[in-house]
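Structure first, commentary second.
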């Protein structure tokens, strides 16, 4: 209780899937943390940030610095600005320490199909995406993350978090987690039900473990909260294990310490699974993390203070509030077999964190009520008169028997299937994944634009392929746009597996966002042979396939490109000038390769999008990303940033205006921009970034004059002053 009354230390996580993570860590330790050493503010010594001992590779840190202190000292202001800027780029994530645990216990591999059931605001989802991209040399991992949330508005917050990681393997969907539909995938010409290898089930909870940051919990907490949430939590967890593949792992977590929301849910799930599920022993995982075992005995309390030890003691007029699944299992043998002590309870005083509960479940066989559920939903070439659809063996070799429908049922279902398929098959041929029909599902929030895959013979693609000399292995089938009519302004890219999911389930699910922007239409480019310029967002995904228009630049050239808006060619090294001379005007790739013989220089490769004009060369990189690269190269951006803003000239504004006209008018990012800004204000999401600008906007569209930048600085402060973080509490 004493620990709960103390303010929560600020924690941050360096995103681990980029080669840049080590550089950021080096920069933090060598530069910013050193400046904090022996620093005093108001006669008080500033505490040094500490790495979380249990988090791999020193990629998570906690600090006792308050915002008030951060604003008082110039050294700290610089550190603060570093955090704000790096968060905007997606290189640092502001996340509570205990919230980092569930993704680590999922043991994700790049080939895993992952479902995040209650994903908003998205800090855990970001961790899952990083794990998929553990090997940066693989642009399209075989796995993917489907991130779901029931709240339409919070889905846009989720999109913003995910977009900062620039992954083609994430899809954001909007459903009630307790009834999330079964999806299907096309496997060798037949439809199979999609079972997930890993599921994160971070359910809505009463949030009593978050008292240190959500002060309201002290006033509003009652035992009633848990009693009302228990049923929903159990339904969500049950739906999760139904969709889990055999041998798969599901992590159930809450930011509550109440056994009604924790052990009671797990015990009930284990009991009705009849041996299909077991709790994994993770005592040897995350060494250094202090934890308590799960409990096996508890009582249930009503709002008025009445305690009950057994379901049979509950009076009939209270049996709607209290349910039998809330009580501990009485049968000692059953209780022992459940191994509830394998659950993890993280208490606030153990390592100065919030309170948290985690349980890791492994699925050994199908759930008893799903034993006869077919793994293969249907074979596409189906013979007439068949009354039985044979199920193929699942991945891990176990067989499933399908139910045999009666002949009449079979004919009815076929007619219905044919009727439903007539429209969807046609649109699938055209590669269009529109929103689901309104009769089947009541839609809330924005009506999303369709996801239209580029037809194989689309004339749009040939000039792009020739201009950038794309590799024959380039998966052009995975390119999509968000418009069915008119000019295609942006081209996005998804992985092959997500394309499969999109094409086979568009009538079942509401997709909010997927795909990473790889090309943007630029009318100026048409005269040079290609109407589409490269987008910085997707450059790391595209780069392995591009064989033309690449200029290798030295570190000095990179500094010029990032500090000057439209530098003349004469400012670059003679080697760069030579390469540019032989190249036609238009969009280009600028690549920096580190020199191992110069250890003081930046030691990670950089790929930038640029534009070659008649007499100049410029980088098309968002402002915060520019600052990130400059920091990594040791340039003092705290001053450079202001210098850059003051030196903007009228010509640059004209260039901006022209480029702004080439951007897509109303895309999903516009919706995100308004909603994310609003949502972060509403939820009080404590993050190191200012009210969000569209994550897909390039820098030339958001460079502003000095007046505007000072307004933005104020908005950083106002956003920072919000004291609550709802990254775990989901109301």
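Just so you know, the numbers here start at 1 and follow the chain as drawn.
Note that Cβ sites are derived from N, Cα and C of the backbone, with glycine treated the same way.
Here's what TrEMBL has on this protein:
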| type | residues | note |
| --- | --- | --- |
| DOMAIN | 1-364 | domain 'SAM-dependent MTase RsmB/NOP-type' |
| BINDING | 118, 119, 120, 121, 122, 123, 124, 149, 176, 202 | S-adenosyl-L-methionine binding site |
| ACT_SITE | 255 | active site, nucleophile |
| REGION | 369-436 | region 'Disordered' |
| COMPBIAS | 390-399 | compositional bias 'Polar residues' |
| COMPBIAS | 643-661 | compositional bias 'Basic and acidic residues' |
| REGION | 643-731 | region 'Disordered' |
| COMPBIAS | 668-681 | compositional bias 'Basic and acidic residues' |
| COMPBIAS | 709-718 | compositional bias 'Polar residues' |
| COMPBIAS | 719-731 | compositional bias 'Basic and acidic residues' |
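Projection of TrEMBL feature records onto the structure.
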residue: 122; record: S-adenosyl-L-methionine binding site; Cβ contacts under 8 Å, 6 or more apart: 147, 157, 158, 160, 161, 162
residue: 124; record: S-adenosyl-L-methionine binding site; Cβ contacts under 8 Å, 6 or more apart: 99, 100, 102, 103, 116, 200, 202
residue: 176; record: S-adenosyl-L-methionine binding site; Cβ contacts under 8 Å, 6 or more apart: 150
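Compared over the binding-site residues 118, 120, the count of CB atoms lying within 10 A of a residue's CB peaks at 120. Put simply, residue 255 (active site, nucleophile) is 14 Å from residue 120 (S-adenosyl-L-methionine binding site) when counted between their Cα atoms.
The Cβ neighbour count for residue 255 (active site, nucleophile), using a 10 Å radius and every protein chain shown, is 28. For the S-adenosyl-L-methionine site, whose binding residues are given in the record as 118, 119, 120, 121, 122, 123, 124, 149, 176, 202, the maximum C-alpha distance rounds to 20 Å. Between the alpha carbons (Cα) of residue 118 (S-adenosyl-L-methionine binding site) and the residue listed as 'active site, nucleophile' lies a span of roughly 13 Å.
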